[in-house]
Every structure is written in structure tokens, then in C-alpha cells.
2 protein chains.
Amino acid sequence: MSFAKLDQLGRKLEALEHALAILGADEATHMAIGGGEKRAQAVATLAGMHHRQATAPEIADWMGAAESEALDTDQQAALREFKRQYTNMTCLPAEFVERLTVARMRCEQLWRDLRAKNDWAGFLPALEGVIALVREEAAMRADALKLQPYDALMEQYDPGNRAADIAPVFDELKRFLKGFVPEALEVQAARLGKAPLKPLSGSYPVERQRELGLAMMAAVGFDLTHGSLSVSHHPFCGGVPTDVRITTRYKTTDFLSSLMGVLHETGHALYEQNLPQDWAHWPLGKARGMAVHESQSLFVEKQFGRNPAFWDWGLPLVEQHLGEHWSKADILPHVHMVEPGLIRVDADEVTYPLHVILRFELEQELVGGQLSPVDLPEAWDAKMRAYLGLSTIDNPADGPMQDVHWPGAAFGYFPSYTLGAMMAAQQWAALKQQHPAVDEQIARGDFETVNGWRRDNIWSQGSRYSTPELLERATGEKLNARYFIEHLKQRYGA
Amino acid sequence: MSFAKLDQLGRKLEALEHALAILGADEATHMAIGGGEKRAQAVATLAGMHHRQATAPEIADWMGAAESEALDTDQQAALREFKRQYTNMTCLPAEFVERLTVARMRCEQLWRDLRAKNDWAGFLPALEGVIALVREEAAMRADALKLQPYDALMEQYDPGNRAADIAPVFDELKRFLKGFVPEALEVQAARLGKAPLKPLSGSYPVERQRELGLAMMAAVGFDLTHGSLSVSHHPFCGGVPTDVRITTRYKTTDFLSSLMGVLHETGHALYEQNLPQDWAHWPLGKARGMAVHESQSLFVEKQFGRNPAFWDWGLPLVEQHLGEHWSKADILPHVHMVEPGLIRVDADEVTYPLHVILRFELEQELVGGQLSPVDLPEAWDAKMRAYLGLSTIDNPADGPMQDVHWPGAAFGYFPSYTLGAMMAAQQWAALKQQHPAVDEQIARGDFETVNGWRRDNIWSQGSRYSTPELLERATGEKLNARYFIEHLKQRYGA
């Protein structure tokens, strides 16, 4: 009876989430420019309705009463996730959420303006304001969840992830990369010395790139009857599981830029399209979290798309759509290019983790109060020099001002990117153990074995398990840096 | 205080209406085919939220209390329209609305299937069920609104329209057309005898047609920063006033088919884009009704688009985009083609009113009980033979089964089409009285005088006046068949 009320509530919330998801995708792809203000009002009002309905006091009573009802295993799991969602949404007072929202939005707007001007001094007071509120937020979440403050923030993105578990794994990876980045660069230089990079011809019509992208999406498993590909300024995966909207942007000078992005978003889309549909109106039916989601996108981008075997099958498709012949020896140096740089989002898979580990270390100190925002440029620069040999001291725009996450109050999110990369490598290793011939299958364009494994072990599980539990059940062990390290060695090492 | 509550309610309803409008446009243009079932659930749930919020009992108290508050003129008008909306939405019991919705949806589904099979006997029981419920509906609406039953149905679409006012005007038009249709056909035959119709070359790429459509939309006043043009199976005008979505479908063999449709939808869009924005969250800020809306779409399609002066300006644009030269003498016979036929939606502006008058007469008898659904095929055939000289007795699919309106329980809607055509002609005459040079302006591609008149007299008024009041204020007199008759005589007569 009480569970039935939660079930009904789930259907109402799902309808509002459906509207918000489609309005969001529409805004980035088809909305008229002048429609933005009314759209923002409508979305804010709908989000408010959703929040009020999802946090109503009577829900606590329903959840309490449902505990003693005869529930099947799925319903018990659903109840647990209803509780998790309710606790995460109600542990901050409404008045505080409003203050945080105002501070965050003002800081984001300021960031857009001042990053372009490289004006750290102008930006600092707004960031200090956000960080002061985030410290309060972390304390309140920690209190409600009985967790350490930084863990309580991460809990929003990846339930079950704890800094004490992640830090040693990240440390091992960092130690490895210290020696490995120079090695990979040497290997690359030697190879390019013998055979220079084949230049892109630079004339790739958008419509042909789109057809190539659609063909690869469909081949790796994207269901085109339950989703579509559009154009937007920033690529994303949005929409709803029955109608997943992914986007890309095209450069007519470089087909790989859009294609690798399409593969990445297709990875997110496969997870959404294959979530358990019977649970779609429960929090239990949602994707587990950001790290697992990123493991699925990176799986398609890297375990498929940067895998040499993939191009045995993929290059004839490139030739068919773009009318241009590429050999594997020509294409691989493009998709395996390593180049240390200042900007995280432009980084390759070898150097990317160092950008994330730097942020993970700094944001724990910011939340914990050991580091003051005013000291960020020096702290950032010291780590950039230590990890990547690059300085940002005169260039805060490409240092601590480069990401929207901190002005947006999203602390505890950064680790998800590298956890996703490590989890993807660990999944690949586990799957290859069971199915040693996957590379040969991929070389034939047959992705069914791999996708079947992922469907069983990841996609169909929704939010049944915490992030670490899901990984351990799928791969037989806890997060282990070894698999990602082996993956990098094999692909980029001497 | 109570008015402020209505104002707040309006903002919530506007957000839900915004979501429903964009979801509707998205469904017809961009939704993945497999997304339909979840979309239908989400839309039904959101529509239910909207209905519950718009019909809550406390609203009656707020409206009562607001009566004695100090309101300005706009607020008084807003209160009156809040009341109208509330009465129209609450005058049927929820249980009845559910029964009607089920019967209507089943009858529409059956209609889709059985019209294709020309199976009147199979369709009749479902239609009888709907008509029985519509008679109940009309009685309940009549009781709540203190109107005649058929008028109470029309009141949903065109507030203030009464059958007793419309019937004599339609009768005058019918008498005129009895003699005029043969005359127009003779004139046309004589002209085509001298100069045969120039054939369409039949090779019009979609992208070029789209560019031509966009150029004409923009020129006649469509604000492309607050709207867009897409493709859908059935053309429509949807979205919200700040982001109006119009659609078309293209035939590469015939550019006029899409172009005239784009002009028609642009007419709807201009009305929406120019509604009073300050009232957007009140029922007062909405377009007045179906007849006025149709008068605006037909104004652009016919007073602009089928006006010879329009093509002085338009033909160079056609040549520029399609690379094909057309003279006025060549294009006008295409856009002025008269051809009596069985199907309303394919009819030209001369014969179209006879299709509508036939339905107006029959549906009053159906609602009033003087005509039984079982006798419809004979009654329809008798009028088709009398008005257009065509028989449908062996072809109910193209007779009483041709429209979705009756299976969809939309009785009282049909008159709006011809009222719109007559009102457009009456508006054009009033405007030309004040601005005798409008044809010359249109021939130069200058639509500002016309649009200025329409903005002042129609668009900016929202729902301030009833349909007949709005027309009388704009044109200085009540609905008068003379203007439409003069328009037809001048364009199609001897």
C-alpha cells in the first residue's frame, strides 16, 4: 500500500524528468535563440514542481511503512534507492539550496566572462563564496549520511565511492605515469621520426561525416529507433532511455574530431538505452552514477574506437562514406596521439588522469579547509609542474579557472572521469578473460559478445548496487589500477 | 491577494503548457519512433497535472474574492478569462471526461483503420457511441454556460459565436456560391482554353525550397529569432509564442504545395509571435480562438499569397532560389485553380465553404437529435449533390468518414474554417479602406502597414474580446458575407 504510493510518485516524477530531459535536449539543438528566457522560466518552474513532489514530508512516512510490507527483491532494492534519493534531496534546507544556487549561478556567469579575460583576482571573491557554501554543504551532507564531508559530496555522483579507497589507487597510477608519460612520448617521437603523420585531407562534408557517424553508432549497438544524432555546440548525451539524444559538432577539416566524439556519446547512449525498462519510473532504474556512465562512454571510445582491431572493420566504412583511403598504420598515430597540455578536456588518455588526480587532491584540501582559494594558483602550478612539467602560474585561465565544475559548486565530481577510464579497462580485461576472441570479433564489426557482457553485468543492473559493488560483481575484484596501467603500456609503451 | 494567487497559478500552468507544446512539436519532428509509448505516458501525466491544477476547487474561491479587489483594466479582463477557462474546464464531471476520452480515442483509432477500408458499417457503432456522449456533453455545457447546446460546444473554440448569428451569414454565402462556382469554372475553362497551364518542371530540391520558404516567412514578418521551420508528416504551427515551431512537407515535384503551406502556417505563427507578452501566463494572453486564428493563417495564405500583387515581389525570389523563371500570367492559374472535389482539405477557396456549411448543418442536427448517425451517408450525399454536384453515396470514406473531427468528438469546430476565411476578407477590406495603397506595398515586398494594422487590431488584443466583438472592433461591423463574396468575385469572377 505504501510502496504503491511510492510507485505512483515515481510515475509522476518520471513524467516531469521526461519533460525536463527533452526540453534540455531541445534547448541545445532546436530552440530558437529568442526562446531562452521563457524556456528558463518554464524549466525552473517544472524543476521546482519536481523538487517539491520528490521531497514531500509524507514520502518519509510511506518509506517507513513500506519497510514492513511484503516486497519482492526488486521492490526492496527500489525502496532502498527511493530512500537514497530522498535523503540526498532533503538533507539541505530549502533556504540553503536557494543561497547556493544564487552563488553558483553568479559565479558561473562571472567565470564565463573572466576566464576569457584571464582575470583571477576578479573571479576569486565569487569562488571563495561558493567554496564557503560548499564546505557548509559538505558538513550537512556528512551529518545526514554519516560520511566524511568529501565522501558525502562524492556520494551524489557515485554512491559508495570513498576517498580512502580511491586515493591509494590514484597514487599508484600517478607513480606509474610519472615514468610512463616520457616513455610514451619517446616511443611516439621515434615512430613519427620514421613515418611522419599522414595529414588529414581537410575536406569532409558534414552530411558524409554524419552518415559515417550514424553507421558506426548503429554498428556498435545504438538503437536508431530509440534515439537520434543531432548537432549542438557542446556534444552531449541527453533525452530519455526510450529516445536518447546524442549530439556532435562537425569540422569539415577533421573527421576524427566528430567521429571519436560520436563514439564517446554512443557509449553513454548504450547504457541509457539498455537500462531495465520495468524500473524506469524508480530511482532504481536509473544509471548508477557518473563514474559508471563514464566507464561506458570511454569503453566505446577507447576499448572499441582506439583499439587497432576496430579499424580493420572501420576503415572500409570510412572509405565508403568519405571516399578516402586510410591504412591502419596511417590512422593509428592520429587516434593514439599523446601530447601533454594545460587543458583537461583536450588531453589524451595517457595524460588525462594526471589532470584529474591534481583536481582530486586540490578539491579535498579546499573542502577540508587545508587549502584557501587564494592559494590555488600556486598550488595548481606546483602540481602541474610536478605531474606534467608545465607551468600555469602566469595563466590562471588555463589553470584553476579552466573548468566550470568549481564555480558550479560541483565538488567530488572530477574523480569520476578517471575512475571511469580505470573501470572501463578493468571491465575489458574481465571480459577478455571470458571471451579471448573479442579483438577478432571487433575486427569483423561484431560487437555482440562485448555488448552482451556489458548488458548482463552493467546496463541491466540499473542502480541495484553501489558503484564499487557493481564493479566488483562485474569483474570479480575491487578497483585495481593494474588493468588501466596494462592497457596504457600495451597501447603506448615501448 | 486572491488575484495574486491566480497570477501565480497562471505561471505554473504556463510552464506545464510550455512543456506540453514543445513535447508536442518535438514528437512530430524529432522524436525517435520507439519513444512514442513513454512520450504518451509522460504527456498524459503532465496533462493530468495541468488539469488538476487548473480545476482545483480553491480557484473558485480566489476568483470570487478577486472580484472585490482593486484591479486595473487588464487584471479585470484577465479575471474574466480565468473564469471562462475555469467554467469550460470544470463543467464536465471527471468521470464523464474519462468515458468520453476512451470513446473518442477508440473511435479515432477505428477511423484510421476503417476509413482506409471504406467500411462505414464497421465504423458506425463507434461513431454512434461518440455522438451519444457529445449530446450529453452539449447538454452539460449548455447548462453551465446558459447557452443552446450547439453554441455551448462552439464556445470552446470561438467564445461568443452563436449558430443563430452564423446561420444567416452562411446561408447568404451558400446562395451566392450556388451560382458562382459554375461561373468561376467557366471563366477558368475559357482562360485555360486560350493559354494552357504552364507545367511545373518537377525538379525542386528540398534544400532550395526550404530556403525559399524561409525567405518568404521572414519577409512577411516571421521572427526567425523566435521560431523555426521543420519537416513533419502533417504541417502544423506549434510551440510557444517565444519559440513558434512551424512545419511543412516537401514534394520535389511541386514547390507550390510546400510554399503555400508555409505561408498558411506563417499566418498562424505571426499571431502567436505577436500576442501580448506581459499576459503570456494568463488565459487573457492567448489567441482568441480557432476562427480568429484561421483568419490570420488564411490572411497570409490568401490575402497575401494568392494576391497577384504578391507575385510581383515573390517571383524574383522564386527565380533566385529555384533557378526557374515564372511570369505572373503563368503562376496565377496555379494558385487560383478551382476544382470541385470530394475532399475538404484539398478544396480551393471558392468551393471550401460549401464543405464547411454542409458539416455545420449536419452536425447541428446530429447534436440536436434530428439526424441519426445511421442516416448520415444519405444526408451527406444529398447535400454534396445539391452544393457541389458530386455524389458520395457509394464512397463513405470520402463522405462522412473523411475528417477526424467527428470521431474525435470535436463538434462545433468546423464553422471556424469558413468564419476564418470570411473574417480575413473583412479585415482586408477594412484595412484597405484605411490604407488604399496596400497592394502596391505588397508588390514591393513591404508588409509593414498590413502587419501594423493586424498587430494593433488583432494580435495585441489577445483574448480581451469575444470573437464577434474582436471582429467588430477591428472592422467596424459585425460579420458580413459581403466582403468574402466580393473577394471571390474579384479574384475568380467574370
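Each residue, glycine too, has its Cβ placed from N, Cα and C.
TrEMBL: automatically predicted annotations, no manual curation.
TrEMBL has this to say about the protein:
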{"type": "ACT_SITE", "residues": "A:GLU265", "note": "active site, proton donor/acceptor"}
{"type": "BINDING", "residues": "A:HIS264, A:HIS268, A:GLU294", "note": "Zn(2+) binding site"}
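Feature annotations (TrEMBL) mapped to structure.
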residue	record	Cβ within 10 Å
A:HIS264	Zn(2+) binding site	23
A:GLU265	active site, proton donor/acceptor	25
A:HIS268	Zn(2+) binding site	22
A:GLU294	Zn(2+) binding site	24
Shell list (Zn(2+); ref centroid = CB of A:HIS264, A:HIS268, A:GLU294; cutoff 8 A): A:CYS237, A:GLU265, A:GLY267, A:HIS293, A:GLN296, A:SER297, A:LEU298, A:VAL300, A:GLU301, A:GLY420
DSSP state at A:HIS268 (Zn(2+) binding site), helix/strand/coil: helix
Residue pair A:GLU265 (active site, proton donor/acceptor), A:GLU294 (Zn(2+) binding site) - Cα distance, angstrom, rounded: 10
